[in-house]
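Here is what TrEMBL records for this protein:
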type	residues	note
BINDING	LYS121, GLN184, GLY216, ASP247, LYS390	UTP binding site
BINDING	HIS217	substrate binding site
Amino acid sequence: DFSKAMSQAGTSQFQEVIRQELEYSMKVELDKILATAPSNELEYAKKDLEGFKKLFHRFLQEKGPSVDWGKIQRPPEDSIQPYEKIKARGLPDNIASVLNKLVVVKLNGGLGTSMGCKGPKSLIGVRNENTFLDLTVQQIEHLNKSYNTDVPLVLMNSFNTDDDTKKILQKYSHSRVKIYTFNQSRYPRINKETLLPIAKDVSYSGENTECWYPPGHGDIYASFYNSGLLDNLIGEGKEYIFVSNIDNLGATVDLYILNHLMNPPNGKRCEFVMEVTNKTRADVKGGTLTQYENKLRLVEIAQVPKAHVDEFKSVSKFKIFNTNNLWIALSAIKRLQEKNAIDMEIIVNPKTLDGGLNVIQLETAVGAAIKSFENSLGINVPRSRFLPVKTTSDLLLVMSNLYSLNAGSLTMSEKREFPTVPLVKLGSSFTKVQDYLRRFESIPDMLELDHLTVSGDVTFGKNVSLKGTVIIIANHGDRIDIPAGALLENKIVSGNLRILDH
């Protein structure tokens with residue numbers, strides 16, 4: 001036993017030496033990179049690399065899945081409230097004064113590359129020529145006009161989206177919404193083999209674009225604080241932010257939730273509210289809220305030990321998932337940030353660059369900080385508050401007659417008989433937005449659709465109606481043109497169907 005203990009001690013000592021060496025080598029490289037910063041960028045670069053150094057230090061300390069599966073418990077009954085209960089309280093007469101304490105924050109760091117678009121994802125047209133950003137501004141402007149309030153919009157950009165977003169913002173200069181931006185940090189990608197940064201200097205244009213990355217939306221706390229904007233908004237009397245992904249079209253300001261935060265029934269305010277919604281089979285990978293060491297904790301699939309992944313995905317055991325619609329107290333962010341007390345698990349995101357080099361990105365997720373805040377709460381909201389547009393299959397849903405658009409908000413058409421959204425799977429010929437748009441002369445009527453699968457070279461004429469389950473498969477080398485005015489109800493179409501103009 002003694003020799004075993006000695007060898008274990010030896011191993012841990014050895015690992016500690018390696019850790020220290022890695023940390024020292026990293027520091028040397030980061031200092032070299034910092035030395036290349038022009039004086040006007042020095043302060044920003046310093047803050048970014050300091051933040052990265054802390055994250056890297058934690059990455060070296062922690063190994064393996066970060067949750068002890070045995071400690072995971074179901075959250076206590078009252079820690080996740082049904083939305084109906086929150087709504088049943090109604091609204092006070094002074095809802096305008098409550099709204100004036102709110103700031104809307106949209107996570108705007110992502111590019112549209114997965115949908116074949118250049119530039120920020122928020123500038124992709126989603127409905128009647130309106131982009132994600134247009135719809136967001138319209139929603140807040142409608143709020144401000146209706147209640148005579150001053151709810152500002154804050155965009156968290158990344159170095160990938162900042163320039164293009166700022167150019168576009170000029171078009172809203174006459175709208176009744178104050179718009180602020182701040183930037184996420186810029187961290188260096190690490191070579192997977194050497195665990196050293198692949199960047200040699202601070203520039204991030206041209207060949208160097210691949211050397212840097214924005215470190216996930218968990219970076220919001222530090223970068224919001226560092227930008228000075230957090231203090232400014234607190235100085236203006238703002239108390240809560242409502243944070244959501246800019247591509248979640250269901251994430252609109254909810255007055256009932258806001259009222260619950262500002263006027264809690266038990267007099268004790270929540271510092272952090274996470275909107276969760278019931279899982280369907282399509283959401284098995286979403287993060288879930290659990291009770292862990294007497295705190296609410298968000299557990300993501302990446303943190304789950306391999307032996308328990310199937311259990312984690314089970315819809316019966318973990319019934320809800322995080323929509324990433326979050327309500328957070330500004331004063332709490334400031335307090336925790338100043339104490340360096342926001343604890344978020346590290347997500348290690350492996351990537352392969354165009355030249356074949358394997359790198360890793362160290363990231364964090366905004367919802368993971370829930371355990372650092374006092375008196376956190378989950379609210380189980382209707383599915384309609386989670387309407388993300390990640391693919392052209394999602395885009396087809398939001399462009400269709402399933403939804404109507406009013407003041408920037410999409411609502412499910414009353415003509416649809418059941419509240420669930422059809423399951424739509426468009427094949428690889430539809431992945432890029434411009435290919436997708438070219439294949440539909442007009443968006444089909446989908447009010448009575450349950451399921452649509454399309455694969456291969458398929459185009460749709462004008463005024464097509466789809467009902468029930470429709471599967472259209474054009475084999476390799478074949479092409480299917482669905483004729484204008486066609487009604488497909490519970491049909492499988494396969495083979496070759498060409499409609500030629502004569």
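Backbone N, Cα and C define each Cβ position, glycine as well.
Considering other CB atoms within 10 Å as the measure, the emptiest surroundings among the binding-site residues LYS121, LYS390 are those of LYS390. Listed in sequence order, the binding-site residues near the residue listed as 'substrate binding site' (C-alpha within 10 Å of its C-alpha) are GLN184, out of LYS121, GLN184, ASP247, LYS390. Across the residues annotated as binding UTP (LYS121, GLN184, GLY216, ASP247, LYS390), the two Cα atoms farthest apart lie 21 Å from each other.
Counting every protein chain shown, 23 other Cβ atoms lie within 10 Å of the Cβ of GLY216 (UTP binding site). Within 10 Å of the Cβ of GLN184 (UTP binding site) there are 28 other Cβ atoms, across all protein chains.
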